[in-house]
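Annotated features, as they stand in Swiss-Prot:
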type	residues	note
TRANSMEM	18-38	transmembrane segment
TRANSMEM	64-84	transmembrane segment
TRANSMEM	101-121	transmembrane segment
TRANSMEM	126-146	transmembrane segment
TRANSMEM	181-201	transmembrane segment
TRANSMEM	210-230	transmembrane segment
TRANSMEM	237-257	transmembrane segment
Amino acid sequence: MLNELNNLFMILPNINPIIFSIGPFSISWYSLAYVVGILLGWFYATKIIEKFKPEITKKHIDDFITYAIIAIIVGGRLGYVLLYNPLKYFTNPIEILKTYEGGMSFHGATIGIIMAAYLFCQKYKINFLSLTDIITTVAPIGLFLGRIANFINCELYGRITNSSFGIIFPNSDLQPRHPSQLYEAFFEGLILFCILTYAVFRHDTLKKRGLNSGIYLIFYSLFRIIIEMFREPDIQIGFILDSLTMGQILSAPMLLLGSYLICRSNPK
């Protein structure tokens, strides 16, 4: 049967989620994605600041990195625990600490970053939207790498399909499925990065507080809502109101907020 399927669809090999281990110390694909994403985002943010001289300085970004790391990990994990699988983690709280096994929520990480950015701006007396405009410009880098890690780990895969895009994931039911992780990596990562880079370098959008943040929220939400149509819903949640997924519901407010930010943005 596998040979027949292999002739029709690509069968993804079962890749170890741990890249290597040295004693008790292990590096997972997830960890690598987060570390590389943060470093590349940090580097790109400093280059943007050097070129466009916005209100946010390089020192601000350097100081904010610690806030961002904590916000992404804590917010992403708690978001997943509370929104996607609360029963599992409340009955066995120690599982919450096992971030290396996966289970991070983008929407939770977003809330974490927003809270961290607000506290940081209050402390250093800088404009909140000026900081989020820089953050959202570099965020697609991390999104791209995170979705690639999801694909390697054979998780968050798509719905069953007979199309030529179908991939058989080794830890699934051997049904060909959409590689929705790659769809998200392409649109939420690569395409969104290109859109924001074009906006910054061609239209100097950093001069308008909140504009880049609004562009990011709108396009991310649209991409996520559409791609959720190809992604298998979380088994413990399933569909909501017969056809909606949790990802679509959580993306709707982001779409509205993005529209508001674009409408209110003005040169400063």
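Each residue, glycine too, has its Cβ placed from N, Cα and C.
Since we're looking at a predicted model, the values are computed, not measured.
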Residue numbers, six or more beyond the limits of the transmembrane segment (101-121), whose CB comes under 8 Å of its CB atoms: 17, 30, 63-64, 67-68, 70-72, 74-85, 127-128, 131-132, 135, 143, 146, 150, 153, 155, 247, 250-251, 254
Dominant neighbour of the transmembrane segment (18-38) in 64-84, 126-146, 181-201, 237-257, by Cβ pairs under 8 Å: 126-146
Positions whose Cβ lies under 8 angstroms from the transmembrane segment (181-201), at least six residues beyond its ends: 48, 52, 136-137, 140-141, 143-145, 147-148, 150-151, 155-158, 211-212, 215-216, 219-220, 223-224, 226-227, 230-231
Non-local residues, at least 6 beyond the ends, that sit with Cβ under 8 Å of the transmembrane segment (64-84): 34, 38, 42, 96, 99, 103-113, 115-117, 119-120, 131, 135, 142, 234, 236-237, 246, 250
